[in-house]
Amino acid sequence: MRAEGDGGLERFCSPGKGRGLRALQPFQVGDLLFSCPAYAYVLTVNERGNHCEFCFARKEGLSKCGRCKQAFYCNVECQKEDWPMHKLECSPMVVFGENWNPSETVRLTARILAKQKIHPERTPSEKLLAVKEFESHLDKLDNEKRDLIQSDIAALHHFYSKHLEFPDSDSLVVLFAQVNCNGFTIEDEELSHLGSXIFPDVALMNHSCCPNVIVTYKGTLAEVRAVQEIHPGEEVFTSYIDLLYPTEDRNDRLRDSYFFTCECQECTTKDKDKAKVEIRKLNDPPKAEAIRDMVRYARNVIEEFRRAKHYKSPSELLEICELSQEKMSCVFEDSNVYMLHMMYQAMGVCLYMQDWEGALRYGQKIIQPYSKHYPLYSLNVASMWLKLGRLYMGLENKAAGERALRKAIAIMEVAHGKDHPYISEIKQEIESH
């Protein structure tokens, strides 16, 4: 495993957790523990033209594939390197036209199958954990999850049968189940979705809600850096989920996606839960039952909004955000994470509608509580400072813009490393204003 020492890490059996990763040497905050090239990856459809399909570089003036006119590259080298994967989709996209719509999971799984055929031996991404060793949790899948896998398998056959040989159906069920609980989403500095990938050695790490490392991306390379001091013999933990929410919500999410309940210090003590579900200070305080009902309402509206994003207009979405905040504010403080969730969604809609002032107003309300609820070095907090900084700059408030961007840089220097291209880009934004 590549590291800035001599390995300094080992795979071990973690009590009650199965396999895990353990430090053999000390790591300071900001140290790179290791990096892992993607075993297989795919750029999300919405980012085509903004990023190179092969190296994920973000730049103007990418060249498009002459055959399908859908894939974009830095140059001929990137295009040539990407061909073994792009050929799975190039002519099918032309043939199917508008009807070409495999999910990102299906696209990624097709690439894993192609990779296994091209490179059957162990790859540099699998120094400590091989793809074939991935946990699938097959025995824990309910009928709904099994049905989703079956429809993915059908889509795989439908869109990829011309260029791929498939294993038997049982093996495909296992592979999709493995991808579902070991896949990663690659995000940019504002946490916008760029694509999906498999990083086997990164998948070896177990989860904690107080993680001691953070995973970031440099193109299609995953990098793992310490966000707490790590001593020799200590297990290395990342977080699989968004840490904003209270313990019960986090564990519902972990059970649903990864089939375990977390027993980290945060989940055992529930130290942050009271502040996360902050109740409005009223002369006549809300009763326990009213609080319970409002939490239930909040969870439902979060789910309703998630579904509504796929078919409702921006103004309808904004209305859901505003009405739900109004209703919740009878019981919840503005710093309550359920309020923050809807503010964050509203900010996203404002950004989409290019209502910069509206987005800024929401961002200003979100940033302080975010800094309190999230761990010290958090990509969620960094990306919020970054969005705020860019909004201020765009609205000609240079002083506030620079302050916010520097806050983002301070977190990113630890999480992404001081030499990350994102940091040079942000410094450039400060200089050029």
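Glycine residues also receive a Cβ, built from the backbone N, Cα and C atoms like all the rest.
Annotated features, as they stand in Swiss-Prot:
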DOMAIN    7-241  domain 'SET'
BINDING   LYS17, GLY18, ARG19, HIS137, ASN206, HIS207, TYR258, PHE259, PHE260  S-adenosyl-L-methionine binding site
BINDING   CYS52, CYS55, CYS74, CYS78  Zn(2+) 1 binding site
ZN_FING   52-90  zinc finger
BINDING   CYS65, CYS68, HIS86, CYS90  Zn(2+) 2 binding site
Taking only the Cα atoms, work out how far CYS78 (Zn(2+) 1 binding site) lies from PHE260 (S-adenosyl-L-methionine binding site), in Å, as a whole number.
40
Below 8 angstroms Cβ to Cβ, which residues of this chain, lying six or more residues outside the zinc finger (52-90), approach it?
40-43, 100, 107, 110-111, 114-115, 118, 159-160, 163-164, 186, 188, 194-195, 217, 219-220
Between TYR258 (S-adenosyl-L-methionine binding site) and CYS90 (Zn(2+) 2 binding site), how many Å separate their Cα atoms?
34
Do you know offhand how many angstrom separate HIS86 (Zn(2+) 2 binding site) and CYS52 (Zn(2+) 1 binding site) by C-alpha?
12
For the recorded S-adenosyl-L-methionine site, whose residues are LYS17, GLY18, ARG19, HIS137, ASN206, HIS207, TYR258, PHE259, PHE260, find every other residue on that chain with a C-beta no more than 8 angstroms from the centre of their C-beta atoms, and list them by sequence position.
GLU135
For the recorded Zn(2+) 1 site formed by CYS52, CYS55, CYS74, CYS78, which further same-chain residues have Cβ atoms within 8 Å of the site's Cβ center?
GLU53, PHE54, PHE56, ALA57, LEU62, TYR73, ASN75, GLU77, GLN79, ASP82
Determine, for the Zn(2+) 2 site, the additional residues of the same chain whose CB lies within 8 Å of the mean position of the CB atoms of CYS65, CYS68, HIS86, CYS90; present them in sequence order.
ARG67, GLN70, ALA71, LYS87, GLU89, SER91, MET93
Quick one: of the binding-site residues CYS55, CYS68, CYS90, which has its CA closest to the CA of PHE260 (S-adenosyl-L-methionine binding site)?
CYS55
By the DSSP assignment reduced to helix, strand and coil, which category contains ASN206 (S-adenosyl-L-methionine binding site)?
strand
Tell me, how many other CB atoms lie within 10 A of the CB of CYS55 (Zn(2+) 1 binding site), whichever protein chain they belong to?
16
Given the binding-site residues LYS17, CYS52, CYS55, ASN206, which one's Cα is the least distant from that of CYS90 (Zn(2+) 2 binding site)?
CYS52
By CA-CA distance, flag whichever of CYS52, CYS55, CYS68 among the binding-site residues is nearest to LYS17 (S-adenosyl-L-methionine binding site).
CYS55
When you rank CYS52, CYS55, CYS65, CYS68, CYS74 by Cα distance to ASN206 (S-adenosyl-L-methionine binding site), which of the binding-site residues ends up on top as the closest?
CYS55
